[in-house]
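First the structure, in the form of structure tokens, and then the observations on it.
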């Protein structure tokens, strides 16, 4: 068997082994009762939502998702298609990371095999790449914190550098066009990466110009066409990448650049984006540490040191003048060797230096201090290290006299050991959720209770409010993702209090959001280390919000999560029916929910109309009633009505009679205090006159102001 076939079979076996490890990981760590936490909450739900929209042909929802995604839509679309083919689950969503990881491995093998004219060198490069990281960011208790975007960008940047080398560093026009197209594809996967390509390519363009004007005249005939090809490639890149950026321009600005360009906005986030130091030198060192210890990986650095030491050892033992041993087809030159000319190799190395240096400096200058984008520096550094090491490694291990098998076997063993440690540390290490399994199951139980509440309310959506979000875990998005994974039910998101977390909220707005909620999750204690603007604004009003909720919502359950006690409240399950409605979509079901849904009833001026409310099994006492007229159609509003109560829904007694409600264009909202009365389960608004419209009776919204907390009836308990 030739070394080429042996290397290819080894690479295939490695990928099969990774698939088996991935399956084992999914079964152990991605169980339905393991609730997501952190950024994957959003990424996973958006993937489910995209799949659901594709299955339903809901193009309007896809358009809204694309416009509202600051990361880009391409990955969600790919995830949706994969889910349509393989079924919808978190494992299917996660498989995209593995697919792109395999793409980077294959591209690394392809590139270094061609450049080094040795498939053995390509296999060593793959092993060293696997020593960098697993396809999912490990080392955290929350093992999948960055399972999308950042790591996939890492893999795609490596492929982008290989494609640039394939173009002979813009030496071939057709290949240069493909470079621009592939770079635009990378941007569609992670929109903010446009800044990385902008700084790297802009810096390299200056290098080309300097080489052309100040370099050797002998190189000008080769540099001139490259400059032209570079500009063509840039034009293709700008034209294609502009499409997803323009679609999501507002979301992209708000998510990344508003912090940079709006000082007042930045002040509200003081202390949120820090790196543990206030000096530029300290920040520079922190970023270096993030690259060296995190993105490049300790195992990779140890393996690199081992490979170099092993190579130096055999180089010192070599005997000058001896003939090299036969190493099979590894000595055969590639048909179209990349970077074969000295200028190609030099320009490629300069491009890598431009990419690494410019991305590092841009990250250092950017006001937001986050390690997310440091992989943009680590990717070119990885290629640089191997490109520098490649000729020396090949010349020493394959072209020097002595035992090829022993020398090459040692290098492979070192690289393979580092790769195995990196992969197994993630896949086969202690369960990332072992210490938190009880909390995970508690959250799952709470989400199940929320699902039962939604079923009881007979609503396809659930409006969720949270005072302290606990790293997204308790928000509406995570609940919806859990329901979809467990039961295949994708309820529409109605985020109330608690979204967005990077915006402060005023007290009046917080009360309004709570009033329109179906369920509310309140913490008895707050986390003083939580620096999100929303959390900081809510903390001073925490007790007032709790009193408001306790006076209007039913307490459903108490849960201990991560050492904090959380209370789950649900709105009174009002069942609403009317004597008549003009259309089903204008029914009375939404009158108490502050959701901009009106009730239209036919009106002939003679026949009274009514709308009845049942809070059963809860018993409530109402102290005031609010009615809001439809804007610009106040002539349809109630003018005379009787508000009634009942214990059984049949025997009605009058609580309040109003002859002139006074609703008008100047006074669209009316509020009436009710006399002291017993608590009831059933109420009815009996309308005898409207404001004069001959054919319609309309109410925009209603509110019941409770005299005390609602309680469950003895029969229900």
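Here the Cβ of each residue, glycine as well, is placed from N, Cα and C on the backbone.
Curation plays no part in TrEMBL annotations; they are all automatic predictions.
Positions annotated as domain 'F5/8 type C' by TrEMBL: 579-694. The annotation transmembrane segment is assigned in TrEMBL to 118-135, 147-164, 170-187, 194-214, 226-248, 292-313, 347-366, 378-394, 406-428.
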Going by DSSP assignments with H, G and I as helix and E and B as strand, what are the residue counts for the domain 'F5/8 type C' (579-694)?
6 helix, 50 strand, 60 coil
Find the member of 170-187, 194-214, 347-366, 378-394, 406-428 that has more C-beta pairs under 8 Å to the transmembrane segment (292-313) than any other listed stretch.
406-428
So, do the transmembrane segment (194-214) and the transmembrane segment (347-366) meet, by the test of 3 or more Cβ pairs under 8 Å (sequence gap 6 or more)?
yes
Using a cut-off of under 8 Å between C-beta atoms, tell me which stretch among 118-135, 147-164, 170-187, 347-366 contacts the transmembrane segment (226-248) the most.
170-187
Cβ contacts under 8 Å made by the transmembrane segment (118-135) with residues that lie 6+ beyond its boundaries:
3-4, 7-8, 10-11, 14, 18, 22, 97-98, 100-101, 104-105, 108-112, 151, 154, 158, 295-297, 299-300, 303-304, 307, 327, 329-330, 378, 382, 386, 390, 393-394, 398, 408, 411-412, 415-416, 418-419, 421-423, 425-427
Which residues of the same chain, at least 6 past either end of the transmembrane segment (170-187), have a Cβ under 8 Å from a Cβ in it?
72, 74, 153, 156-157, 159-160, 163-164, 193-194, 197, 222, 225-226, 228-230, 232-237, 239-241, 244-245, 344
Which residues, given as numbers and ranges, are at least 6 beyond the ends of the transmembrane segment (347-366) yet have a Cβ under 8 Å from it?
161, 164-165, 169, 195-196, 199-200, 202-204, 207-208, 226, 260, 280, 283-284, 287, 291, 339, 373-374, 376-377, 379-381, 383-384, 387-388
Mean pLDDT, the domain 'F5/8 type C' (579-694)?
90
